[in-house]
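Quick notes on the structure that follows.
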Amino acid sequence: MASQEHPNWLTALLADTRPPPKLFAWSPANIQPKLDEGIDMGSSNSDEEYDNDACVCPSTDSDQRIYIIGPGNIGRLYATHMARHPNALPITLVVHRKELLSQWAACEGVGLADLTSGKIFLNKRFTVEWWTETRPPYGPVKEVADGKKLHNVFISTKAEAGLSEADRIRRYLGRCSSVVFAQNGVCKLWPPHGPLYISHRYPSGDTPTFSACVVSHGVASAGPFLSVHAAPADAYIGPVFWASDPESPWRQPSDDFFIRHIATTPLVNTKQVSSGEIWLLQLEKLVMNAAINPLTALLRYKTGELFTSYGSDDPLARVIDKLLWQTSAVIQGLIDHETSHSVITSYAEQMSQPGTSCSVPKVRKKLTERFSQPILKAKLYAFGLKIFEHRSSMLQDIEAGRKTEIRDFNGWIVDTACFLGTGLDVSVHSGLTGLIERCERFDKMELGRALL
């Protein structure tokens, strides 16, 4: 079978030859004729911490400012704690709807309830903007970053919107820009498709540094600008694509300012890793998401309920087994593919002892074992039982009537199998994608009949 040349998202972007749009940065002042500057935040007590005085005041200095695009649960988590960084920088929250500007004006700021400490962190010392091609009819007229370049961008939207958001702002990105994707799924800028996208959208020598942040913290929404940090965990950050130094083209951006800033942000426990390691971590998280999310959504189960039976007579256990065999085959095929050589080499160099050369074939063999079906199954069952009461994000999306991330989980498996072009069976992933998009609901027996 011949491999597919490009996935649909890349085909659409390659066909788009329009110049990047000029974007206006609306603020609450564009919604209300005058916004009261003095907002009573109340008096603090042992259960509430207000960061009014601790946070850096708003500044027009876009060289230092952090822009968080998509301040949902993960965005609020990082905004809250980046504002408490020992060397805190001014932060702008970029919302996706105009109405959120009015809601921001009326609320007490970003709220993060920490269940471990029992504290509620409240902070209103952020700038909030809505970026649009529409010029505001009244109030101050301001272009994004005053028409200059954005330096520190943290994109924490749903996975589907991540690259489209970065693409929309490419007018304001360049070699000085560091863009971090903190989302589920596998970043679209990895080989094999990322380099072609970059060369199509950016002039040579003016490419931003693009990184991925894999977040394991459990954070739930409790309303607009309010989240609950229910399950503290850890996170990892590493580079995906960067403008190489002609003198040392293989050198990774370990000294990238924004990556270091995130890695030193208190209380989010974000570890800086190599390009190869962050790729593997994204793949491992994808394995969990591609199993747990669609199955819990279709069965309306809590996560742990998926893993109460190993028996071959249980239709759900058989579905999980087959799904993992298919996942394993696709990821192993990707590991062996020539387009993965650079990230495999990055990981091999990280794993090698000082003064010794790395063996890429040996590393590939170890990674093939790491993504074997029995290993993936053991990790999945252990993880699922550990978070037994957890309600997956896809289950919550289905119940709320929202669009899911199924195309970035199981759809990615299907697309990658198509790219590899070796005739791999991905029928379970393809079937799950269709069932989720039709908002089906099954019991275990019905699910087995639909997928086996």
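From the backbone N, Cα and C atoms, a Cβ is placed for every residue, glycine too.
Between the candidates Ser199, Ser204, Ser372, Ser393, Swiss-Prot assigns the substrate site shared with Asn289, Asn293 to Ser393. In the structure shown, across all protein chains, Pro71 is the one of the binding-site residues Gly70, Pro71, Gly72, Gly75 with the greatest number of other Cβ atoms within 10 Å. Spread of the substrate binding residues is 9 Å (greatest Cα-Cα distance among Asn289, Asn293, Ser393). If you compare Cα positions, Asn293 (substrate binding site) sits closest to Glu405 out of the binding-site residues Gly70, Pro71, Gly72, Gly75, Glu405. Note on proximity: of the recorded positions Lys285, Asn289, Ser393, the one nearest Asn73 (NADP(+) binding site) is Ser393, by Cα distance. A distance of 16 Å separates the Cα atom of Gly75 (NADP(+) binding site) from that of Ser393 (substrate binding site).
Cα separation, Glu405 (NADP(+) binding site) to Ser393 (substrate binding site), rounded: 9 Å.
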